[in-house]
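Undergrad: Features from TrEMBL:
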{"type": "DOMAIN", "residues": "5-101", "note": "domain 'Pyrroline-5-carboxylate reductase catalytic N-terminal'"}
{"type": "BINDING", "residues": "Ile9, Gly10, Thr11, Gly12, Asn13, Met14", "note": "NADP(+) binding site"}
{"type": "BINDING", "residues": "Asn57", "note": "NADPH binding site"}
{"type": "DOMAIN", "residues": "164-269", "note": "domain 'Pyrroline-5-carboxylate reductase dimerisation'"}
Amino acid sequence: MANKTISFIGTGNMSYAIIGGMIKNGFAPQSIIATNRNAEKLAKAHADFGVRTEQDNLKAVEEADVVVLSVKPQMMAELCQTFVDAGLDLSNKLFVSVAAGITVKRLREMLAEDVKLVRCMPNTPSLLGRGVSGLFAADISDEEKTYIEQVFSSTGIAIWLKQESQINDVIAVTGSSPAYFFLFMEAIEEKAIALGFSPEQARALVQQTALGAAEMALSQQDISIAQLRANVTSKGGTTHAAVEHLKANQLPQTVADAMDACIARAEEMEQQI
């Protein structure tokens, strides 16, 4: 599918990041169409990447082989209805939805029963090329899977899921988890300020420590996360005292419970849309 045309319907921050990653990874600018109601945003996309731009969603879909639906979940039904009302032939197109809470079954109700679909759940670090995208495909070819993986791995890594329900698990593990890390960083930052560090110092200390810890984990793939923690936790030392306090206050279980709450909310959203 290297010569196929891909249209991004709703070129917001996430689509913009994906397009940028695609260009860096050798995709031809003329094979990419970006749509947005805002002419200034389209002009920027064209100036930055040389891609084709279009304010008419119907025309962008008509010209595409692959259509990325990158709109808010509550807008999806209305958007899809415009395709149906226009009588577009959707049978030979591959649709990719990056909207949370909308199942393959629901998307087919919106579009067509025989439409080819991929659900994708990227996370916000994709904006920096450090993201993770969980992918689930419904009845697509190996060639199409390879193409989609190339598109979404351009902003980090992409993994294929065996079951659609795992999309909600991915939301808990990677989609929402940057906020978990930010909350932990925030707590350390606030305590650092309370200890007398300036806000600027506190932020710098927290940021560099988080970055360093992540780099240690990335650079030592043969060592488990648990072992990395143990390596910096001398029994009876200061780190040991802090870690034992966190464990005594059920931090691991609290995190697990929070992830379960995230999954439950994602499942609720599927019933509401």
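Backbone N, Cα and C atoms are what each Cβ position is placed from, and that goes for glycine too.
Not measured: the values here are computed from a predicted model.
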Undergrad: Determine, using Cα-Cα distances only, which of these binding-site residues is closest to the residue listed as 'NADPH binding site': Ile9, Gly12, Asn13, Met14.
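TA: Given the candidates Ile9, Gly12, Asn13, Met14, the nearest one is Ile9.
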Undergrad: Around the recorded NADP(+) site, report the further residues of that chain (criterion: Cβ within 8 Å of the mean position of the Cβ atoms of Ile9, Gly10, Thr11, Gly12, Asn13, Met14; site residues excluded), sequence-ordered.
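TA: Everything else in range on the chain: Phe8, Ser15, Tyr16, Asn36, Ser70, Val71.
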Undergrad: Can you check which residues sit near Ile9 (NADP(+) binding site), meaning Cβ under 8 Å from its Cβ, same chain, 6 or more apart in sequence, and list them in order?
TA: Thr35, Asn57, Ala60, Val61, Val67, Val68, Leu69, Ser70, Val71, Leu79
Undergrad: Check the DSSP secondary structure of Asn13 (NADP(+) binding site), expressed as helix, strand or coil.
TA: helix
Undergrad: Taking all residues of the domain 'Pyrroline-5-carboxylate reductase catalytic N-terminal' (5-101) together, what is their mean pLDDT?
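TA: Overall, the domain 'Pyrroline-5-carboxylate reductase catalytic N-terminal' (5-101) comes to a mean pLDDT of 96.
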Undergrad: I'd like to know which of these binding-site residues, Thr11, Asn13, Asn57, is least surrounded, judged by other CB atoms within 10 A.
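TA: Each of the binding-site residues Thr11, Asn13, Asn57 was scored; lowest Cβ tally within 10 Å is Asn13.
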Undergrad: At a 10 Å cut-off from the C-beta of Gly10 (NADP(+) binding site), count the other C-beta atoms across all protein chains.
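TA: There are 21 of them.
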Undergrad: Taking the Cβ of Gly12 (NADP(+) binding site) as reference, which residues of that chain separated by at least 6 in sequence fall under 8 Å from it?
TA: Asn36, Ser70
Undergrad: With helix taken as DSSP H, G or I, strand as E or B and everything else coil, how many residues of the domain 'Pyrroline-5-carboxylate reductase catalytic N-terminal' (5-101) land in each class?
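TA: Grouping H, G, I as helix and E, B as strand yields 46 helix, 19 strand, 32 coil.
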Undergrad: Show which residues of the chain containing Met14 (NADP(+) binding site), separated from it by at least 6 in sequence, have their CB under 8 Å from its CB.
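TA: The answer is Ser70, Val98, Pro122, Ser126, Leu127.
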